[in-house]
Structure formats: structure tokens, C-alpha cells
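**Student:** Mind having a look at this structure? Questions to follow.
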Amino acid sequence: MSGAALGLEIVFVFFLALFLLHRYGDFKKQHRLVIIATLLAWYLCFLIVFILPLDVSTTIYNRCKLAVNSSPAESNGSYVTLAPSKQKCFKPWSYIPDGIMPIFWRVVYWTSQFLTWILLPFMQSYARSGGFSITGKIKTALIENAIYYGTYLLIFGAFLIYVAVNPNFNLQWNQLQTIGIAAANTWGLFLLVLLLGYGLVEIPRSHWNGAKRGYLLMKTYFKAAKLMTEKADAEENLEDIMEEVRKVSESIKYNHPLRKCVDTILKKCPTEYQERMGRNMDDYEDFDERQNSYPSEKSLAKLHKQVIYSVQRHRRTQVQWQILLEQAFYLEDVAKNESSATRQFVHTFHSQEPENKIIQYFYTPTVEWYWECLLRPWFYRVLAVVLATFSVIVVWSECTFFSTRPVLSLFAVFIQLAEKTYNYIYIEMACFLTIFFLSICVYSTVFRIRVFNYYYLASHHQTDAYSLLFSGMLFCRLTPPLCLNFLGLTHMDATISHKNTQPTAYTSIMGSMRVLSFIADGFYIYYPMLVVILCIATYFSLGTRCLNLLGFQQFMGDSEMTSDLIDEGKELIRREKRKRQRQEEGENRRREWKERYGNRDDSTRSRAVHTDQKESSFSETNASRPLSKYTRSNGRTERDRIELLQDAEPLDFNADSVNDDPLELDSGR
């Protein structure tokens, strides 16, 4: 089993990252380089989280070997060996051979840092650029990132000057590398505590509120009102952009040098707009550069960028509106079925997507009723209590992990108790649950936050390339300080435990933070305590209240604006529900008519076809007859028309207009 656990987790994490990226990204429409870069960033970050418990168990086993094979007299001072154990050290099932983990961490860490600080920012600007060629997009990306990279160089130069001026430091490559790692981890830890403070409170509270049917339904109505406003704004913005595209397309003719740029813009427009513009365009009219003023290539690039953004936003709001409608209809069905005496779940509308037959076989209407109306609320309440307990333990440990005598961090107590008995399975499970919960609190906040329309991760393949790349940057910057914070909570970091024991392979790659004492002994220890203040602020919804005061509508139960939006959303859902009911009733009537009269219509249609065949064969056999036959038939048809005209009653009769002269009457006709 040596190294098998590492290989299994590498494969599992890859498919996990691929699944999440498929949920948020669009493999068919987005550029392959964007998909590959985002997948690599997510994969490396998730991999660090899953592999770190194996590093901890391997380190504890190596310490056990040193304690058994060494005597106190043989200690050379580099490691303080523990008292020899009475039991023999058993190798863990997930043991990773020496030399593998340092290389693995070095490759993963520096690849993620290259992605987050160099490649992904450049690809962000490249993806948002409206250029029409690769060279133009690269040029735009370099110009936009000049200030970005210059700021980083300025910060790194400040650290470098500080170390050079201080006489206690001798500049070496390892120390210089540690300074760069410290600068990156400091920025990441600053953002990590902010996101962690929000997630520790919001995740348990969201699960607790998930057990309240009325709360979820009211919040869905609130979202519907907000989304309808955004949807209308997106449609209006798209109409304005398409009008500009139409004017540009009509002004720049087929033989203009910039016509290729216009064609590229038209390809990004929706199909109905392309057809409309294609009908109104006259490609045979030559352009005259002296008479007309034409837009420049720079303005066309700006228009191209606006088209991409407006089309993507319009498509996203349309998809989100349909998903929100399905969610609202389902929550209303749950509220109706709670008082059902038959205990069978009845849906108002049938699912538009075909369901799996296996799921239909096991997830019957009776099972669905018991789960949705009886078991699910209690399950969410129990889960919320468990998550709240974890949050309290995390907050306590964040405030006390620097204390080594006595050990107050509960995570460190659990690991040290398991280390005494060398229970590696318990150690790995405890480490995995701890770092997994921390990761969920941080990463879920990254998926939830929305910075206007600048950054927004939308599910069902509706996330744009810029937001995907930005999320990859955040993950790569947050994961290393998250892992260091976890090692500090469990006292596996020598900087926190103040012991000269063998460090983990991950800590050895990070280097000793003693190079910058004010960061190692100050910022890394006392800044995480700020999570207490952030948790209190999140519990009382201070951020939500501030945004509501600034004019950004947020869901608050005691707000008049929230009540108005709930009523508006309820009316919108009711209107859409009536519309869908009319559609289904029309489809049912057409289906019943087809089932009842389908055979009769088919027989009538077959008789009509048979009669037409007879008439066609009769006309073919009489094709060689004289022309008088046709004249007679034509005369009969004309006579039938005259009779119909004679039967028709005149609209306006005037007796003075009657003339007795038949010639004049015929001429008048």
C-alpha cells in the first residue's frame, strides 16, 4: 500500500475538480486555455487539502522511528527524540516513502504560485479583451497588467530593503525565498480570516434556515423580484448594444477594411439578431471614405467587449430565471403536500427533464413525501447543530492555538492523544475532517460572494471566463495560508509548538518564518483572533444591514423593502404559474383530441390522398384530349364564380345609379 493512497487521492481529486468546473463552466463555449488553467488551479488547491493529512501521519511515523531507534544519549541536538515506546511503531497504511513528499509539495506549491501571480491575471485580461487577433489581445493584456505587476515588485522591493538594512540578516537564496513566501502567505491570511469568519457562522445558519419551509419560500420570492429586475436590465442593455452593432454593420460595407471585425462581432450576437441584421444589410453598396465617418478599430474592440459581456449576462439571467421558477414551484408544492392525508407527494407540474428510471423506482411519491415533509427538516437541524459545534471549536482553537503549556487548542489535544497510541487512521480522519471543514467555510464563501457583475460564480454552466480565472486565483492564494493555519491549530508547525521535532514536509518547503520575526511572532499568531469579531458581526448581520442602508437590497425579515420585494416576487411567481398552467392545459387538450380523433383524421386524410391520386391519374389520362375540354371546365369554374357574385348582396344600393342600357351595364361591369 506504499504510495497507493497518494495515487488514489490524486485521481479522486482530479475528477472532483472536473465535476465542479463542469457545473460552473461551459466546456463547449469557453476557450480551452481558460478551462485548462482554471481546472489546474482548482485541482492543485483541492489536492493540497486532501494530501496534507497523509503528510501528518507520515511525519508522526517518522518521529516514532526516531524515538525507537535513538537513545537520549545519541541525540545530536537537531531533533529532540521522545522516550522509546514500549510498542513497536507500525507503519501506517498510507505511508509515503521518504523523498516523495518534499518533491511533491515543491512542484504543487510553486505551480500554484505561478498560476495565481503571473499566468491567471494575464489570462483574465486576455479573456476580457475585445481584440480581434491574438497579438492585439496579448498587447491589451500586457498593458492592463503593467500596474498589477509593478505593485507586486514594489511590495517585494520593500521587503528586500528591510532585510538588507537590518544587520541581523544575511541575504541568502533560501532566506530570500522565505521572504517571498511570507509576503504571499501574509496577503492570503488577511483574506482567509475574513472569509473564514463569515463561513463559520453562515454555513450552520443556512442549514438551520433550510429546515424552515416558510423562510425558504419567502427568500425565493425575494430572489425572484431581484432577478426579474436584473433580467429586465440585461434585456434592455442587450437591445442597446445590438442597436449599436446594427448601425456599425450598416455603415461599414462589405469591401471596407474593418468589415472582418464587424463580422466577428456579428458572430457573437444571438441568432435572431444576426438574421435581422442580415436582412437589412445591402452588401452591394460601396463605401466612400470621404463622405462617411467610420468607427476606428479601437472603438470596434470596445464594442466587441460589450457584446460578449451583454450576451453572456442575458443568457445567464434567462437560465437563472427558469431555475428559480422551478425552485419556487417545488417549495410551493412542499407547502401544499405537508397537509396531505394520502402521504404521497403530488407535483403541480411534471418535470421537463427526463428522470432516471432507477431513481423513479426507489424515490417513489411516498418516499418523496416522507423525505421532503418529515425527515428533511430534522436532518437539516441536526446537521446545523453539528456544524455549529465545529464552528465553536474552530473559533476557540484560533484564539488559543499559540498556548503550548497547557495545550488549549482542541484540535492539538485530539492529535496529541492519537499520537501517543499511534492510531494513524484516527489521526488522518481527525486531520481530514478539520481541514475539510475549514476549506468548506472558506471555499463556499468564494462561491457565494458576488462583486456586482464583476465577479460572480453562477452554476448550470453560466459563469464567464473572467470569474472562473478569478476564482482560481483566490483558491491558489488562500490554500497555502489555510494549510499553515491548520498545522498551527494542530501544533504540527514547529513555529507554534516551539519544539525541535521533525517538521512536516509541507512546513519544510515553506521554510522557517523566523527570518521575519514580526510576522512569525506577531501577525501569524494574533491576527487569526480577529475571527471572533467577524463571527459576531456575521451573526448579527451587520454587513447585510450596511449594504441595505447603502441601497443594495438584501434579504432582511424586519425590513419594509424586503416585504415589498417578497410581495412583488410572489406576484411574479403566481403569474408565471398561471402561464405554465395554461400551456399545459393546451397541450393536454391537443393530446386528448389527437388520441380521440386521431384515427378518424388519419382515415379522412388517407381518403383525401386517395381521391387526389384518382384525380391526378384522370387528368394524366385525359392530357391528350382537345383544348375544348379544358375550356369547358374553365367555363364551368367561371360560371360558378359568377353565380356566387350574383348571390352576394351589394353593400351600397342607389336607385339613381340604375341604367336601363344593357351596353352601358356590361361596360360598367
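Any Cβ shown, glycine's included, is placed from N, Cα and C.
For reference, TrEMBL lists these features for the protein:
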type: COILED; residues: 224-251; note: coiled coil
type: COMPBIAS; residues: 582-617; note: compositional bias 'Basic and acidic residues'
type: COMPBIAS; residues: 618-634; note: compositional bias 'Polar residues'
type: COMPBIAS; residues: 635-644; note: compositional bias 'Basic and acidic residues'
type: REGION; residues: 576-669; note: region 'Disordered'
type: TRANSMEM; residues: 6-21; note: transmembrane segment
type: TRANSMEM; residues: 33-52; note: transmembrane segment
type: TRANSMEM; residues: 103-126; note: transmembrane segment
type: TRANSMEM; residues: 146-165; note: transmembrane segment
type: TRANSMEM; residues: 177-201; note: transmembrane segment
type: TRANSMEM; residues: 378-396; note: transmembrane segment
type: TRANSMEM; residues: 425-446; note: transmembrane segment
type: TRANSMEM; residues: 466-489; note: transmembrane segment
type: TRANSMEM; residues: 523-542; note: transmembrane segment
**Student:** Please tell me whether the transmembrane segment (177-201) and the transmembrane segment (466-489) touch - that is, whether there are at least 3 C-beta pairs under 8 Å between them, with each pair 6 or more apart in sequence.
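**Tutor:** In this chain the transmembrane segment (177-201) contacts the transmembrane segment (466-489) - 3 or more Cβ pairs sit under 8 Å.
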**Student:** Using a Cβ distance cut-off of under 8 Å, indicate which of 378-396, 425-446, 523-542 has the most pairs with the transmembrane segment (33-52).
**Tutor:** 425-446
**Student:** So which of 378-396, 425-446, 466-489, 523-542 is most in touch with the transmembrane segment (103-126), counting Cβ pairs under 8 Å?
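**Tutor:** Going through each listed stretch, the top one turns out to be 466-489.
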**Student:** Give residue numbers and ranges for long-range contacts of the transmembrane segment (523-542): same chain, 6 or more residues beyond its ends, CB-CB under 8 A.
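**Tutor:** Apart from its flanks, the transmembrane segment (523-542) reaches 186, 189-190, 193-194, 196-198, 200-202, 205, 391, 394-395, 398-399, 401-402, 484-485, 488, 495-496, 513, 556.
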**Student:** Where does the mean pLDDT land for the coiled coil (224-251)?
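**Tutor:** Summarising the coiled coil (224-251) by its mean pLDDT gives 93.
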